[in-house]
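Reviewing the structure listed below.
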């Protein structure tokens, strides 16, 4: 361990703290004027030490001050103060933070949603509406876009910062307006296009300055935008013959069948070899299962509410309102 010495210089009338190892004569001086009240962990400068000695004492430096301002733990090692853990390591809030199997996570989300729908139908809240062949044909591509958009969103969340994914997905009103005019033939007024310009410019500026930018996260978020735009427009058409709650229930069931093959054949071997084992070792079985369940439940409830809202407004209005959740 280290000896903590107090030295006072009569000539300069300044005081310092000195640290020296018991086995050598090396000393490190810290001026008293630079001390702060933050308790830090001292690892020592002696490379031969096998056991880290933790001593509570106040030390200050420019790096330590910066780390404290960011709310990070600070560690003194090799004569330098540095953050010991980043925010993601200290607060792994998302499943994708420790379980990078996006297709399987998407399947679990849909399984939870489908189970919720089946239970709701069984108690008559709401009453299940029968589906015919014509409606099934209409909902199948909608469900495919729902599955594709969900998987791509999870890929983007895993590849880049969550805030950056939401920034890119804020372009959804622009894609919705473009699809309404160029695909459906609806005339979008110039004033509406001009109102979307700040969103496009803001997203472009955020993309240029994003530190976690990579093309995988960016392209995945853009594909998700396109898929969800198609889902909103054509699920609105399906609501003419069925209520929105039943429409989304059938979309979830069909989308589950689209997500199962990649989860089984692409991610299945890795899941069986190390995926489940590593995730459970990191956070424990209870947290692993509870995180999957609650994220799936909240995902279903959010989309159910969004579909109910879409029944009452136009797809473009729905997309503009959807941006508020990303603020």
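In case you wondered, yes, glycine gets a Cβ from its N, Cα and C as well.
What TrEMBL records for 98-123 (among others) is transmembrane segment. Only residues 6 or more beyond the boundaries of the transmembrane segment (98-123), in the same chain, are considered here, and those with a CB under 8 A from a CB of the stretch are 92, 147, 150-151, 154-155, 158, 249, 252-253, 255-256, 259-260, 262-263, 266-267, 270-271, 275, 279, 282-283, 288, 292-293, 295-297, 299-300, 303.
Residues or ranges marked as domain 'Sugar phosphate transporter' by TrEMBL: 101-327.
The transmembrane segment feature in TrEMBL is assigned to 135-168 (among others).
Using a Cβ-Cβ cut-off under 8 Å and counting only residues 6 or more beyond its ends in the same chain, the transmembrane segment (188-208) has close neighbours at 164, 167-168, 170-171, 173-174, 177, 180-181, 218, 316, 323. The annotation transmembrane segment is assigned in TrEMBL to 188-208 (among others).
Feature annotation from TrEMBL assigns transmembrane segment to 215-235 (among others).
What TrEMBL lists as transmembrane segment is 247-267 (among others).
Among the features that TrEMBL reports, transmembrane segment is placed at 279-302 (among others).
Same-chain neighbours of the transmembrane segment (135-168): 94, 96, 100, 102-103, 105-106, 109-110, 202-203, 206-207, 210-214, 216-218, 220-225, 227-228, 230-231, 234-235, 237-238, 241-242, 247, 250-256, 258-259, 262, 299, 326, counting only residues six or more beyond its ends whose CB sits under 8 Å from a CB of the stretch.
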